[in-house]
Amino acid sequence: MNKCAIILAAGQGTRIKSKLPKVLHKACGKEMVNHVIDAMRNAEIDDVNVIIGKGAELVKERTTSRNVSYSLQAEQLGTGHAVKCAKDFLEGKTGVVAIFTGDAPLIKPETVKNLVDTHINEKNSATLLTSVIENPTGYGRIVRNGESVEKIVEHKDCNEQEIKIQEINAGMYCFDIESLLTSLEQLSNDNAQGEYYLTDVIEILKKENKKVGAMITDFEETLGVNSRAELAKVESIMRNRINRTHLDNGVTIIDPLNTYIEPEVVIGKDTIIYPGNVIEGKTVIGEDCVLYPNSRINNSTIGNGVEIQSSVILDSKIGDETTVGPFAYVRPESNIGEHVRIGDFVEIKKSTIGNNTKVSHLTYIGDAEVGERCNFGCGTVVVNYDGKKKHKTIIGDDSFIGCNTNLVSPVEVKDNTYIAAGSTITKEVPEGSLAIARAKQQNIEGWVERKKLK
């Protein structure tokens, strides 16, 4: 059977108090609406339509990579009106449509799939996603007749018996497309708010003796975000889910409450993560690594057996058995080899560092190719920028760079060379050479006495 989905993402979200449309606020590094789109995709629903309104162009910009279509709700007149705006998307289609909100990022793909499967297997015209909660105050109650849904009653309209019902409407649905389109034509905005409500479709279907069912899920999954506090709550739940998955897969997380891992991160078993680490994007971390406190790793590949201390690694690759930090900064497009030492207060920018090379402290390497088994003394600077352009430096294997050396790019240092401490290198250093480029020391005896500087 054909399946499609509609995601409601047109509202501004005034209570979140932001210039940014509500659905574009991030939970664990990903926009809420993209969490929902990805849940649809992972539930094997490829045809997804996003209802846009406030900040429409920005929402399109942030979701376009997910290959979705869009329907515009220029004026926000309720959930029923939002779905009516997707009429062009639905017309000509057969099968079922899942309808979810773009501000409920905790929904799981398996829940979406189960809802759709339940709807199809029970041959329903509509199937609601519901939850059972201890305190349902403020929520619409699900009134059942056996297994089927009889009606949804808003809290303020509940009678003495209905007020005791703990099953609530989550605001997420699966509909038979033909039944939905027919019912949408009958929707009325004859209410205090002057809006069209999707819940009224259920009443219309029941009047036509159509079958309406419901599937209960964990209330946590259905949580929507209307404020910064609710966003923080949702992110906390999501972070706990992510961390629990890694724990179950053999990763040690010393303090899960203070470890921040985004959903697409992959971590190998027997890796140990201390508190304060932030691991973002599509980072892949190998096995047997140790991430000591307070590092940030973004969109990077970390090999096996790597140790990282209080450092920042962005869009780069770190080889096996390498150590980084403390307080190192590995900038984008850097490729650090195996068994390398990147020490304290070292900055690497868009450079390749060969295996077994040591850059132990207080060094800047930018736009460089560094060979294997090199050693950089403290205070080395690759001077890659002339004020207008960046230039490249090449350093061969087995080179020793003395302390306080400046390598003025573009320049090449051949294999097996030594550069004396304090040198400023502006020309090629031949293989097997010692390069000394500093002023000759001159001692002027009696100078202090004569100048009376004591």
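Even glycines carry a Cβ here, placed using N, Cα and C.
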Which of Ala328, Ala421 shares the acetyl-CoA site with Asn384, Tyr385, Arg438 per Swiss-Prot? Ala421
When you scan the chain for residues with a C-beta under 8 Å from the region 'Linker' (229-249), skipping those not six or more beyond its ends, what do you find? 16, 25, 27-28, 32, 105-106, 220, 223, 256, 259-263, 265, 267, 269
Listed binding-site residues Asn384, Ala421, Arg438, filtered to Cα within 10 Å of Leu8 (UDP-N-acetyl-alpha-D-glucosamine binding site): none
Tell me the Cα distance separating Asp103 (Mg(2+) binding site) from Tyr385 (acetyl-CoA binding site), rounded to the nearest angstrom. 46
Do you know offhand how many angstrom separate His361 (active site, proton acceptor) and Lys22 (UDP-N-acetyl-alpha-D-glucosamine binding site) by C-alpha? 44
Can you figure out which of Lys22, Gly140, Asn169, Asn384, Arg438 (the binding-site residues) comes closest in space to Asn226 (Mg(2+) binding site), comparing Cα atoms? Lys22
Would you list the DSSP helix, strand and coil counts for the residues of the region 'Linker' (229-249)? 20 helix, 0 strand, 1 coil
Got a sec? Which of these recorded positions, Lys22, Arg331, His361, Arg438, has the most Cβ atoms within 10 Å? Lys22
